[in-house]
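K.L.:
Before I ask anything, let me first share the structure, which is written out below as structure tokens.
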Amino acid sequence: RICPRILMECKADSDCLAQCICQENGFCG
């Protein structure tokens, strides 16, 4: 999957860019 390396806070996968997923630490990855 393609995930830009940008530190983004999230609550759900939809908060993240591209194919990033929301990880347990509260950040996209």
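Yeah, the Cβs are placed from backbone N, Cα and C, and that goes for glycine too.
Here Swiss-Prot flags C3-C20, C10-C22, C16-C28 as disulfide bond, drawing on similarity to another entry.
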K.L.:
What kind of secondary structure is C16 (disulfide bond) part of, going by DSSP in three states?
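P.N.:
Looking at the DSSP assignment, C16 (disulfide bond) belongs to neither helix nor strand, so coil.
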K.L.:
Quick check for the class: what is the C-alpha distance, in angstrom and rounded, between C3 (disulfide bond) and C28 (disulfide bond)?
P.N.:
9
K.L.:
Calculate the distance in Å between the alpha carbons (Cα) of C22 (disulfide bond) and C16 (disulfide bond), and round it to a whole number.
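P.N.:
C16 (disulfide bond) has its Cα 7 Å from the Cα of C22 (disulfide bond).
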K.L.:
Which one, from the disulfide-bonded residues C3, C16, C22, C28, has the smallest tally of other C-beta atoms lying within 10 Å of its C-beta?
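P.N.:
Each of the disulfide-bonded residues C3, C16, C22, C28 was scored; lowest Cβ tally within 10 Å is C3.
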K.L.:
Please report the Cα separation of C10 (disulfide bond) and C20 (disulfide bond) in Å, rounded to an integer.
P.N.:
10
K.L.:
Just counting, how many other CB atoms are there within 10 A of the CB of C10 (disulfide bond)?
P.N.:
18
K.L.:
Measuring Cα to Cα, how many Å separate C28 (disulfide bond) from C20 (disulfide bond)?
P.N.:
6
K.L.:
How would DSSP class C10 (disulfide bond) in three states?
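P.N.:
In the DSSP reduction, C10 (disulfide bond) maps to coil.
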K.L.:
When DSSP is mapped onto helix/strand/coil, what comes out for C28 (disulfide bond)?
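P.N.:
Note: C28 (disulfide bond) is in a strand by DSSP.
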